[in-house]
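Pulled from TrEMBL:
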type	residues	note
BINDING	25, 48, 51, 57	[4Fe-4S] cluster binding site
DOMAIN	24-81	domain '4Fe-4S Wbl-type'
């Protein structure tokens, strides 16, 4: 998965300064963009907010119909942008 992610990022960044741009996704752990933890996903989204390629990345992800991961500061799950990652497991029951 890592090599594929790096190829997609490289392709998306070519229009920006010939692809010679420092981006968070190029320097951070690639697994962060596909994290299971809601806190890690929010951290990845925050890193995207500082990126000069955020709009280009999001547009590319939508065009490619990315099935999952953080792209352009948004979380994709099953090809749909969702506001936040839900924790694993069943939701808690409300106390009556």
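A Cβ is built for glycine as well, from the same backbone N, Cα and C atoms used for every other residue.
Residue counts of the domain '4Fe-4S Wbl-type' (24-81) by helix, strand and coil are 31 helix, 10 strand, 17 coil (DSSP-based). Cβ neighbour count for residue 51 ([4Fe-4S] cluster binding site): 20 (other Cβ atoms within 10 Å of its Cβ, all protein chains included).
Shown in sequence order, 24, 25, 54, 57, 70, 72, 73 are the residues of the chain, 6+ apart in sequence, with a C-beta less than 8 angstroms from the C-beta of residue 48 ([4Fe-4S] cluster binding site).
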